[in-house]
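Data block below; observations after.
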């Protein structure tokens, strides 16, 4: 048989099977590289209480950092990283309710703070305004983070009126500096908690304030980091919170037949949301429940959208929380609002709290 007549033989190449585990590993690496890195920094006594509580309840995908001038308090706090600022200045004894000492302590430890914030995409800074460390150091930390190109959102409480005029003056000083150095400052007026629950014992009132801080930070963080029914993209959050000034928060919940609409109404009419929201530039809606229906989510979003500026950017997400059972909870963060707690002319830094102009943090009479 000649070569030309030889039968043709098909040479079969064995198929190369790529193990599924290798593909999954590669996908995991890609997801790890692209996911948003979110840091939560608790500053001072109240801020450290907040991050301590966050460590207890758990926050998916966030690095928790505790910062204080008081070594004894810092020792008790749970966090992924702890930073004692101003070691030379305060010797670990605290700031003595003096924001200037808190500010200088943060500046002394600027390199350590900068190293701790390296690599973040978004930084939450939480504190209670009115004391020394949180009031003085939080704006310095915000400035560091923002200069590093990180989306910087401060979540702060204002003191109860019963805490005295000095803490109110300190809070004025700290708030205007935070607005200057943060992309967004979410303000929670503690006095407004008395409208929500006027008969609360004082110790419980402070715990409720801490819990609202935790809900705000955890809620926004996990809409980005935690798998849910509807997640938010980090770029969506950036669009609503970048360079937005003052923001306020409202929370509502209901388990009635009209639970979705009632929860949305409660959130927008919450005493904590103490502003006219009609001119707001943005809104972030966090919906949570065990069995949220798409129709209910639509009712909530439409209700909020109708009540803000027609040009406002509205983003939303849904987290499934089995422990809520039949309850729907709605948290709304309204950004770019005009607040009675701070006005544009207050944004120039003051030399000391005592030299601040006579601008009252006006709390409506209860």
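From the backbone N, Cα and C atoms, a Cβ is placed for every residue, glycine too.
What Swiss-Prot annotates here:
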type	residues	note
BINDING	45, 46, 47, 48, 49, 132, 133, 134, 163, 167, 210	GTP binding site
COMPBIAS	344-354	compositional bias 'Acidic residues'
COMPBIAS	355-366	compositional bias 'Low complexity'
REGION	344-366	region 'Disordered'
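For residue 47 (GTP binding site), other Cβ atoms within 10 Å of its Cβ number 32. Residue 49 (GTP binding site) falls within a helix when secondary structure is assigned with DSSP. Burial estimate for the binding-site residues (49, 133): highest at 133, by number of other CB atoms within 10 Å. Neighbour density at the Cβ, taken as the number of other Cβ atoms within 10 Å, is lowest among the binding-site residues 163, 210 for 163. The Cβ of residue 45 (GTP binding site) lies under 8 Å from the Cβ of 68, 70, 73, 128, 131, 133, 134, each of these being in the same chain and 6 or more residues away along the sequence.
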